[in-house]
Amino acid sequence: MTVEAGTNVTLIGMPGSGKSTIGVVLAKRINLQFVDTDLIIQTSQQRTLQQIMDAEGFDRFCQIEENAVLSLEVDHHVIATGGSVCYGAEGMAHLKRLGRIVFLKTSLQTLEQRLSNMATRGIALKPGQSLEHLLNERNELYEKYAEITIECDGLNVERISERIEAALSRAVRPTSE
Ligand SMILES: Nc1ncnc2c1ncn2[C@@H]1O[C@H](COP(=O)(O)OP(=O)(O)O)[C@@H](O)[C@H]1O
Ligand SMILES: O=C(O)C1=C[C@@H](OP(=O)(O)O)[C@@H](O)[C@H](O)C1
Ligand SMILES: [Mg+2]
């Protein structure tokens with residue numbers, strides 16, 4: 001398929017849900033470019049996400065992330081976001097303007113298997129917050145912003161990309177937006 005002219009596909013979801021990995025495969029599959037906002041942040045800040053999080057804290061990290069999202073002016077791209085992008089309403093509105101938003105939904109069990117490096121991965125956890133609490137808090141936001149939700153548990157990257165492509169073909173974007 002070809003995504004209609006002037007649109008991008010943004011992937012949102014929990015850290016470890018596969019946005020960065022699937023984004024590249026999907027971009028190749030549907031003939032788009034690929035960008036990962038985490039890499040934009042690291043390059044512009046000249047620090048890793050963990051270093052930014054440690055030095056600046058949760059609120060400032062989210063601000064930096066939202067600014068990076070707001071600076072995105074791309075066309076025909078798959079955009080992999082960081083999991084905390086859902087906290088920035090303006091950034092999410094910008095992503096909506098840029099194209100379609102796809103939520104990669106994963107269970108707590110799947111995330112626990114993948115996120116063995118929670119402490120060094122730079123996840124925007126509030127003090128004392130568990131992964132389960134974070135998942136419940138964010139799922140509500142991801143669902144609010146997503147046009148398409150893909151249940152990813154038990155599927156490999158290829159199957160998920162296939163499902164995203166099929167869902168993009170089915171879902172008709174409202175013309176009033
Ligand atoms: N569908 C999948 N099945 C198995 N492992 C996956 C799948 N998607 C991603 N992974 C693995 O999970 C980890 C996190 O993926 P990543 O793309 O970095 O997620 P995110 O960008 O959403 O944080 C990586 O090790 C990746 O290889
Ligand atoms: O969910 C989070 O709090 C974060 C997820 C990371 O990206 P991934 O979702 O790609 O792991 C990165 O943006 C940052 O470390 C914060
Ligand atoms: Mg990522």
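The backbone N, Cα and C atoms fix where each Cβ goes, glycine too.
Quick look at what TrEMBL annotates:
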BINDING   G16, S17, G18, K19, S20, T21, R121  ATP binding site
BINDING   S20  Mg(2+) binding site
BINDING   D38, G83, R138  substrate binding site
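On the structure: features taken from TrEMBL.
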residue : record                 : DSSP class
G16     : ATP binding site       : coil
T21     : ATP binding site       : helix
D38     : substrate binding site : helix
G83     : substrate binding site : helix
R138    : substrate binding site : helix
Binding-site residues near S17 (ATP binding site) (Cα-Cα within 10 Å), from D38, G83, R138: G83
Among G16, S17, T21, G83, R138, the binding-site residues whose C-beta sits under 6 Å from ligand 3: none
R138 (substrate binding site) to K19 (ATP binding site) - Cα separation in whole Å: 15
Close-lying binding-site residues around ligand 2 among K19, S20, T21, D38, G83, where CB distance stays under 6 Å: K19, S20, D38, G83
Length of the line joining the Cα atoms of G83 (substrate binding site) and G16 (ATP binding site), in Å: 9
Under 8 Å by Cβ from G16 (ATP binding site), counting only residues of that chain that are 6 or more apart: T106, T110, L111, R114, L115
Cβ contacts of G18 (ATP binding site) (under 8 Å, same chain, 6 or more positions away): L104, T106, C152, V157, I160
Residues near K19 (ATP binding site) in space but at least six apart in sequence (CB under 8 A): L11, I12, G13, D36, A80, T81, G83, L104
Alpha-carbon distance [D38 (substrate binding site); T21 (ATP binding site)] in Å: 13
Maximal Cα-Cα distance (Å) across residues annotated as binding substrate, namely D38, G83, R138: 18
